[in-house]
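> One structure follows; several queries about it will come next.
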Amino acid sequence: MTTQNNHDSASPSKTFYLETFGCQMNVHDSEKVIGTLVQQGYRQVEDEEAADLILYNTCSIRDKAEQKVFNRLNDYKKLYRQGKRFGVLGCVAQQEGERIFERAPFVSLVSGSASYRRLPEMLIQIEQGATRVTGLDDRQTEETFETEFTARTNPHRGYITIIEGCDKFCAYCVVPYTRGKERSRTSTSVLAEARRMADAGYTEIQLLGQNVNSYRDSEGKLSFAELLAAVGQITGIRRVRFTTSHPRDFTRDIVEAIDAVPSLCDHVHLPVQSGSSHVLQMMQREYTREQYLERIAWIKAARRPISMTTDIIVGFPGETPEDFEQTIDLLAEVQYDGVFAFKYSPRPNTPAVTMPDSIVDEEKSARLQILLERQREIQRINYNNHVGEIFEVMVEGQNAARAQVIGRTSQNKTLNFTTSQPIMPATGNYLPVRVTKSFPNSLVGEAV
Ligand code: 5AD
Ligand code: SF4
């Protein structure tokens, strides 16, 4: 995704291009990096050719994601001879470290996310001609990366990081190695940022962290559920979302907060990874299928219907056909409204990389296909059950070709609708829409 700068500046001569790969944390890190660069006198441009400094904010969650940055570097390395400088940021930077300089000698900057606080000094070093600048040694830091210059691209809906890093060490996952140890912001600082956003006209806030449930306010004031409720009670904030939750730390008071505070959205993303306790144990997830289903039961017992989505890995080392069948079974039991499913990809440094990757790729693909088909059928029925219901949507844009307005419900479902009004509602507006038709991934309706 290309992030654009929406700050007006007096056209500084130093320019940069930034492309972002990976998760919402990376997208939001890029918003902070852009703000920092603009503050340092840089101007963002929209293609590599127009930039003095070319940055890639990278993802290494699966091998395919990691390869993308090396493809990009290969495509654009010819620009080095024109005096352009390259920087690799994010998870691949942290994972590969100085090896990136060997693989791509024209790269001048390699920095993991735990070092972004030091970007201004690293930029100065590059400007002074340094060719191997690194930010790789901060994974044990207690500090978080906070800046008041965050260049948010959407004026209605914005992210706030509440916790960085991860201490979970799931057997398959690079994140604890790429983002470093867990560190929470203070609730005072999170709430101040949320209030500033509300004052600036934002109505939706998404709280971000690799594992938001292990949020620990270093001032000891608020639990995660209390922080969630407090953000939801800020005047002007109509929707609050949070991602990602870890089942092990998911507590009942989160559901109680959703019950108590109407602005907390009717949606929980709770990655299960596998429906088999045996596989969960090999994955070091620290919960069983039964414990996971207990959390799902809390969510289902809420006063309003809460939509649930999940992440699943198929083909983890040692996953038997019976284990996989238990995952399929879990889909039907939970009735998710969305599933992000992935074939297991062995990652450097992780404990699972030493387990034999025993399931051949064709078998992983076959399991993934079966899973996605089953889930599609579940969603077809779930989404169809909404026909006739009225939801409040936030307007996200217009689809002129179809004369439709694009909306999103609190449950995080896309609801495209028509309106009899002569003027289409503007992006950021909220209005009630009746569902008239459904697909497995979206709803269609008309404004009421
Ligand atoms: N292989 C495949 N999928 C993975 N994920 C994390 N690590 C891996 C891996 N090594 C998936 C998990 C996680 C999501 C963000 O990516 O499902 O929840
Ligand atoms: Fe990719 Fe994980 Fe890093 Fe996000 S935290 S960019 S998903 S490796």
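Cβ atoms here come from the backbone N, Cα and C positions, even for glycine.
It should be emphasised that the depicted structure is a prediction, and the values quoted were computed from it without experimental measurement.
As listed in TrEMBL for this protein:
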- C23, C59, C91: [4Fe-4S] cluster 1 binding site (BINDING)
- C166, C170, C173: [4Fe-4S] cluster 2 binding site (BINDING)
- 14-128: domain 'MTTase N-terminal' (DOMAIN)
- 152-382: domain 'Radical SAM core' (DOMAIN)
- 384-448: domain 'TRAM' (DOMAIN)
> Helix, strand or coil at C91 ([4Fe-4S] cluster 1 binding site), per DSSP?
helix
> Taking the Cβ of C91 ([4Fe-4S] cluster 1 binding site) as the centre, how many other Cβ atoms fall within a 10 Å radius?
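For C91 ([4Fe-4S] cluster 1 binding site), the count of other Cβ atoms within 10 Å is 27.
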> Take the C-alpha atoms of C59 ([4Fe-4S] cluster 1 binding site) and C170 ([4Fe-4S] cluster 2 binding site) and report the distance between them in angstrom, rounded.
17
> Might you list, by sequence position, any residue in that chain lying six or more from C23 ([4Fe-4S] cluster 1 binding site) with a Cβ less than 8 Å away from its Cβ?
C59, I61
> Where DSSP helix means H, G or I and strand means E or B, what are the helix, strand and coil counts for the domain 'TRAM' (384-448)?
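Helix (H, G, I), strand (E, B), coil: 4 helix, 36 strand, 25 coil.
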> List those of the binding-site residues C59, C91, C166, C170, C173 whose Cβ lies under 6 Å from any atom of ligand 1, in sequence order, or write none if there are none.
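Correct list: C173.
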> What are the sequence-distant neighbours of C166 ([4Fe-4S] cluster 2 binding site), meaning same chain, six or more residues apart, C-beta distance under 8 angstroms?
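Same-chain residues close to C166 ([4Fe-4S] cluster 2 binding site) (Cβ under 8 Å, separated by 6 or more) are C173, V175, P176, R179, K181, E182, Q210, N211.
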> When you measure from each Cβ to the nearest atom of ligand 2, which of the binding-site residues C59, C91, C173 fall under 6 angstroms?
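Among the binding-site residues listed, those whose Cβ sits under 6 Å from ligand 2 are C59, C91.
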> Write down the Cα-Cα distance for C170 ([4Fe-4S] cluster 2 binding site) and C91 ([4Fe-4S] cluster 1 binding site), rounded and given in Å.
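Given the Cα positions, C91 ([4Fe-4S] cluster 1 binding site) is 16 Å from C170 ([4Fe-4S] cluster 2 binding site).
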